[in-house]
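Student: Let me begin by handing over the structure; questions about it come next.
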Amino acid sequence: MRKKTKNRLISSVLSTVVISSLLFPGAAGASSKVTSPSVKKELQSAESIQNKISSSLKKSFKKKEKTTFLIKFKDLANPEKAAKAAVKKAKSKKLSAAKTEYQKRSAVVSSLKVTADESQQDVLKYLNTQKDKGNADQIHSYYVVNGIAVHASKEVMEKVVQFPEVEKVLPNEKRQLFKSSSPFNMKKAQKAIKATDGVEWNVDQIDAPKAWALGYDGTGTVVASIDTGVEWNHPALKEKYRGYNPENPNEPENEMNWYDAVAGEASPYDDLAHGTHVTGTMVGSEPDGTNQIGVAPGAKWIAVKAFSEDGGTDADILEAGEWVLAPKDAEGNPHPEMAPDVVNNSWGGGSGLDEWYRDMVNAWRAADIFPEFSAGNTDLFIPGGPGSIANPANYPESFATGATDINKKLADFSLQGPSPYDEIKPEISAPGVNIRSSVPGQTYEDGWDGTSMAGPHVSAVAALLKQANASLSVDEMEDILTSTAEPLTDSTFPDSPNNGYGHGLVNAFDAVSAVTDGLGKAEGQVSVEGDDQEPPVYQHEKVTEAYEGGSLPLTLTAEDNVSVTSVKLSYKLDQGEWTEITAKRISGDHLKGTYQAEIPDIKGTKLSYKWMIHDFGGHVVSSDVYDVTVKPSITAGYKQDFETAPGGWVASGTNNNWEWGVPSTGPNTAASGEKVYGTNLTGNYANSANMNLVMPPIKAPDSGSLFLQFKSWHNLEDDFDYGYVFVLPEGEKNWEQAGVYNGKTSSWTDEEIDLSAYKGQNIQVMFNLQSDESIAKEGWYIDDVVLSDKSAGKTVKKNKLGVEKPSGKQKKKPVNPKKAKPSANTAVKHQNKAIQPQVLPLKAQVSVVETGKSTYSDQSTGQYTLKHKAGDYTLMAEAYGYQSKTQKVSLKTDQTTQANFTLEEMKKGTLKGTVINKTTGEPVTGASVYVVEDAAVEPAMTNDKGEYMLEAYEGAYTIKVAAPGYYSDEFSVELKGDVTKETALKPFVGYPGEIAYDDGTAENANSYFAAGNGWAVKMTLADGKDKGMLTGGLFRFWDTEFPDPGGTEFKVEVYDATGKDGAPGKKIAGPFNAEALRNGEWTKVDLSSKGIMVDKDFYLVYIQSKPDPYSPGLAMDETGQNSGRNWQYIDGKWQPGDKADGNYMIRALVDYEAAVPEITSPTDKSYTNKDSVTVKGNASPGTTVHIYNGEKEAGETKAAADGTFHAGIILNKGENELTATASTDNGTTDASSPITVTLDQEKPELTLDNPKDGGKTNKETLTVKGAVSDDNLKDVKVNGKKATVADGSYSARILLENGRNEIKVIATDLAGNKTTKKTVIDVNFDKPVISGLIPGEDKNLKAGESVKIAFSSAEDLDATFTIRMPLTNARASVQNATELPLREISPGRYEGYWTATSSIKAKGAKVEVIVRDDYGNETRKTANGKLNMNTEN
């Protein structure tokens, strides 16, 4: 990755990787050059002495006065020969197996020591003298590799290389562990798992528990690790440490059980966790049976610490390897009898050829120590792919392990073969993804990934084999492990064994069974009835010229409707016999592939050849016989200007682009004439290429000089893509590097390479271009090639001249051109076995029902082979779309049982139907209909009528229906014959939102060197929202200034947030192609048609489609507050973004699910007398709110940004049921809860019956009464007091005040209509006052005499009087009851007369006056004067 800002380092991800992750030193242990036998001399020239010195070592002396370097000696011991001699001698003496092993190992150590002592003595003597002078120190002699490590001055180094016994001197390079991408975190470490579920998935997957059940858990064996150390007292490891002393459990015996090459600590420890995790996978489990993390829990472990945080130096690793070969006591004496059975090596160097440790590995093998090496992991500098496997794992003598995941798929970080020795690598695979094991702190941690995690599984299974048979040799163990592995294949590696999985997944049970019970083999063919009636067809461009002494690679493309089973090439030289060779398929498959065969060692004057193509049905098609003119080898005087077809020039290799013709790019014109040979005449060369262009064979003159001269134009990525000229000496297999080319030439240049050193030899010369995974340029062009005996004065020195230095800063690890090796075509394996007539081949899984072990038949032939523990079993053959079949087999040790299967195709059924919108009933166009249980069935798509149809094999299925803008739906179906199913999808109604975490301003931009990497931002939906639809993304890119020239292509992906520690988890959508705007504006990527539903948290991801500088630069907000939501995707791994990068400028456009609106006003069951009403409520912001009155839409409005809405509508008379829905372009929500509003414009009917208007009273209270009538009556109030209403009447008792009282009766209904009645009543609580009442004195009256009765009082009173007779008068009661009126003679003056009659006789009769007013007040008063009637005085 690089940034726009030139003076800044690339992101800390790069530096993190360099410091602590997966770095492989590019110049570690450069191999010695191959020198032609004809030019070897006993005397050393100045040039040959300088060639002994590593260029990187020379550079280190420019920085330091002294440095540590390694001295490698020419003399090599032959430990294998010594071991064989020791075994032979032991057998003659009839020694026991244990004594034989001891003598064998001792002989190995002795042979190494003797060779080292003899060859090193003079140099050691010199170094010790320099030590005395202060010019050298830290001298350490090794025998496991014949070498010395010393810390000394440049002068000492230059003297050392002059010793003839010294082969070369090298820097003390650092090697790296293949660390997990999930480094140890004490806080996340896990506690013990109970024994009931204590076997880890990875241990179980390789059938280790089944091996334990047979009694093989590694007991009696010892495994070693060269790593970061081990926490010896970890509960899963403590009692398994060979130094553990049960009598003194806390004080182990560390001598010869532990060695610290880094810090010299006496007791085992692990400061980096890696070694503890690795050892746990080999042997770990707790005494109580919990935490069964190890494959060989009965084995013992020993360990060497050779790695620190910065890696392990060559000197420390040599010391470790020597100790493993024969652990040393306190005095430094080796003890081969204490050597382990297996050594695990989860470390390595870079890819390619580096043989520094090969002698060490050979020594281990000779001593019967099984050398397991992890294949290595991808990193920023090693992208993986073919040939990437690290050293020493890529040695032929190393047993390399690749990594798989829980699904037995190759881990994307696992490096691949072939090896530089053209061997399949790795040998085997084992689980290496999300591995749980022991870590320091006496706890456990899962989530560790890497081939480091895979290797210990294989080391432990090797220990199980040693327990089963301690006499097994390393070769035998390798054969058992590979032959019992479960073959694994995929689309990249369709055949087994292959350069991804090797021979497959290691299987502990089968491996042990092979030793104890032996293996049987079932083989046969899986087929389906049918005939292959079409013969194969082919294409071949004939060759007309070849050159004597060379070879002729020929290619042919063959095609067949069923299967091409073999392609053979027959040739003859002159009149000789025909020779037949089998061509290798180098690309394609059994239906159509390209095949290559190479005719070796061409002689004579004429070559004839023909092809034979065989297909599955037995057809054989033969080509014509092609005649080739054989020309003598070219030599001095040869010229080739490429204007005519260049005979004898052969192009081949990986991603080969070499072609002959007229260039339209690069130099655009030839150096002379019109035509050239170039790497793609119309564009850039391929990435990850290793392409060869070989000249005709050359015969170097026996004397004189020979120079290769040619015109060259090249534009190659600085420091990463190189052009080479290689020379293959006569009789050699390894090509020598003669010229190196890098960078860009400004025009055609003259190049010259001196071939004079190859006098008298038949040699070959190759032009080779090698590229990494990114940044391809215009390439290399060759013209006007000449072989001359005279120099043109432009000789290119090997690895020196011809290299054009790059400008600018290095952004990724440069390629070391010294390690380059030309490509060799790798054949694609395919079987050619006898076939059955009248059948067609079928790829099927063949399984052992009782154990589950399985393999696959070859797609081109139907043939399969399955090795298994001997016994009686049931084999099952099953293939997609076919009825499975079984048959009983009896597998016998070392015998082959035939079992053929002919399968019958299953019947198919048809599912059809219509998908509609659940809300509207309209058809849904573009809905996808999936068969969940059968991903091979292509999803059906609905047409514009919503109709779909799909075909699948009969059976029970779950059908999922999904469409953009809708919620998906599922249903179950029993598919048999034709089935029809209708589906209604609920629309997803959303409103737009934008999620952003940057501040909108871009301060920088980034671009990855390699395509396929990316950046992501974690998005979180708004509060209260748990679901949404992703409708688009906003991406901000830099302008055309960066990168230059740049590009616009990129991809968009979407991940959920279920990854470990918050990382992106599962990809839920994408990749989608997009085009970047490079003008400072945001680039909007429309995803609305994709139907991407997201949960609360999700990731929007930018994936770079093109390598830098042909990609856009994603902008970075470096000044805004860091959101902590930034992640980067590098080499298939997610990791948190570099905080220094700030916030990645990626935003998400989402539709939040539109909520069903809520009407807040008017309230339910409300009444109004208004014709219209304002409906208010809440809805999702920006949605259109539709208000309905009954079934009819009454109004429409848009919800505001805060979600509120309001709209006026017209009401109907009577009851109105109001609802609201919200809509977007995608559809409409459900209706809100109904609100009932009644429009009532009629007033209540009301009477006021009591009191009558104008009434008078003297009462303090009054009951007001009347009648009322209304359907929606709310209340009746009298003077504001709520009246009692019943049966159409109302009443209310009120208080009155003295004086005039107005009584108001109001009848109100629920709609607010009112009827009012009023009345007035006069109230007087005061009684009239009587004054001046006469007679004031007693009066004597006789019959006929009158008395005047008078008084004063208020006006308009009703005045009366009565004469109250004494009670003694019998008739008094009658008289007393009579009231006689008084007349108001003047306002307020009342008078009256009473005349005595003769009939009344009374003494003391009283006169009482009574006044009454209109209010009902009454006053009585008795006059002071009494009446004596008809009495005597």
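For all residues, glycine too, the Cβ spot is worked out from N, Cα and C.
The shown structure was predicted, so the numbers you read here are calculated from the model rather than taken from an experiment.
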Student: Examine the ranges 800-830, 893-923, 1234-1264 and name the one recorded by Swiss-Prot as region 'Disordered'.
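Tutor: Result: 800-830 is the stretch Swiss-Prot calls region 'Disordered'.
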Student: Helix, strand, coil residue numbers for the domain 'Inhibitor I9' (68-177) per DSSP?
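Tutor: In the domain 'Inhibitor I9' (68-177), the DSSP-based counts are 57 helix, 30 strand, 23 coil.
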Student: What is the interatomic distance between the Cα atoms of His274 (active site, charge relay system) and Asp227 (active site, charge relay system), given in whole Å?
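Tutor: Rounded to a whole number, the Cα-Cα distance is 7 Å.
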Student: Mean pLDDT for the domain 'Inhibitor I9' (68-177), rounded to an integer?
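Tutor: The answer is 89, the mean pLDDT of the model over that range.
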Student: Round to the nearest Å and give the CA-to-CA distance linking Asp227 (active site, charge relay system) with Ser452 (active site, charge relay system).
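Tutor: About 10 Å separate the Cα atoms of these two residues.
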Student: What's the number of neighbouring CB atoms sitting within 10 A of the CB on His274 (active site, charge relay system)?
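Tutor: His274 (active site, charge relay system) is surrounded by 28 other Cβ atoms within 10 Å.
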